[in-house]
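A short write-up of the structure that comes next.
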Amino acid sequence: MSSDDEINMDDSDSSQGEIDDGCMSDDDGIVLESREQNSSDYKDNGEPDNEVLNHDSLEAEMKKTITDVQAVLQVKTGVCRILLHKYKWNKESLLERFYEHPDTTTFLIDAHVIPRRQERLPAGDAECDICCSLGELSGLSCNHRACTQCWKAYLTNKIANNAQSEIECMAPNCKLLIEDEKVMFYITDPTVIATYRKLIVASYVETNRLLKWCPGIDCGKAVRVSHWEPRLVVCSCGSRFCFSCGHDWHEPVNCRLLKLWLKKCNDDSETSNWINANTKECPKCMITIEKDGGCNHMTCKNTACRFEFCWMCLGPWEPHGSSWYSCNRFDDSAAKNARDAQEVSRANLQRYLFYYNRYMGHQQSLRLEGKLYATVKSKMEQMQTLSMSWIEVQFLRKAVDVLSECRRTLMFTYAFAFYLKRDNNAIIFESNQKDLEMETEQLSGFLERDLDNENLVTLKQKVQDKYRYVEHRRKVLLDHCSEGADQELWVFNE
């Protein structure tokens, strides 16, 4: 194979056919999956407009974008995909930069897609620099060559083990990216080919700011929006998540504070708080000491120190005289500073645990109340046997849906409140939070304990009254949070 095969100018028709047979799907149709969404879930975003795309839909959409750009650039499909990847699949940005160059070759060189100097590879057999075998060598336009088996092994490793879709030349310090047509020429294993196709689609989603993978377990679909912003999106699998950060929908706390909160919950920062609150450092050598008895007369365990001090005031023990079990030394400034720092650590830990326990409490309730769907389903079936239609009994499922949304909102209000500076607006927020929490607990208790105690005549009215009021309280809280954000009323301590 000569280097002429690597010159990136080519007829669009032939290159399109080459990639269609190996790397891309033949299905040009875009399959869109949608699910009905509640406009009340959006804040100042209008009607929901996100679309759900499966793998074939993504691949077809990617092909269409490549074809549109290829018609202008007149380059191979694989080269076009590499360029679009570099520009995060923003074809307007790519074409704008393209028109700033005098010709296609200059543009490709500046984009590091082809080398500045392209040399024809010598014909005939030669020794492979990788495996030292003698035979026909092939390579890229950068003039780096190897035997077919070495290229195959290199590319297979990059795809199967390193999960790469943008693969550089195997030569050290060569940054030339290998186009899809060349990759597909060397790779013959159907499993590796399928993996490569999936990686290409994955890179398409991950570099496109208007696409986001659904975090649902084994979902495999992506959600597309018309414009980027932190917002609720709903996948056809039922997952509801934030388009900005990919986490479960977390209104009212924003993505930045949620990230800080989750890090605080998951890392060892609170272990450090516990150490600060329950241990002290030797005033002399600063080794950490945990008190394991009632006596306040402490001796440092460090054999090189053995300093004796008072646990209460952290001052030297000797001046305490006979005060073996109490400390009356309150005038030492260094000891006072040590005690103050200790109290601050304890207070911070208690404050964190207050919000963390309530956050986790609502999270646990959300999981446990998932069982209510089975209870409600049984009740709905029972009611249908008593002459009520399927539509007439849907109020029970609606009640559980509202309960779940309120639990999720309450859970994240505690992350929001943890960072919120206390002022008049924070007091209003806490009042709304309290009202929502109280009404949510009442709805939960009714659904768990009182369904069977009500006759069918009054049950529907009571359930609807309860979930509508709870839904109203949730809206009041979220509207207040949204207005506060718009008017920049919230002050956070990070």
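Glycine is treated like the rest: Cβ placed from N, Cα and C.
Computed from a predicted structure; not experimentally measured.
Looking at 58-89, 282-313, 410-441, the range tied to zinc finger in Swiss-Prot is 282-313. Taken as a whole, the region 'TRIAD supradomain' (124-331) shows an average pLDDT of 84 in this prediction.
In three-state terms derived from DSSP, Cys242 (Zn(2+) 4 binding site) belongs to an extended strand segment. The binding-site residues listed here are His144, His250; among them, His250 has the most other Cβ atoms within 10 Å of its own Cβ. When Cβ neighbours within 10 Å are tallied across all protein chains shown, the highest count among the binding-site residues Cys142, Cys255 belongs to Cys142. Considering only the binding-site residues Cys242, Cys245, His250, Cys255, Cys174 (Zn(2+) 2 binding site) has Cys245 as its nearest partner by CA-CA distance. Sorted by the number of other CB atoms within 10 A, the binding-site residues Cys174, Cys242 start with Cys174, the lowest.
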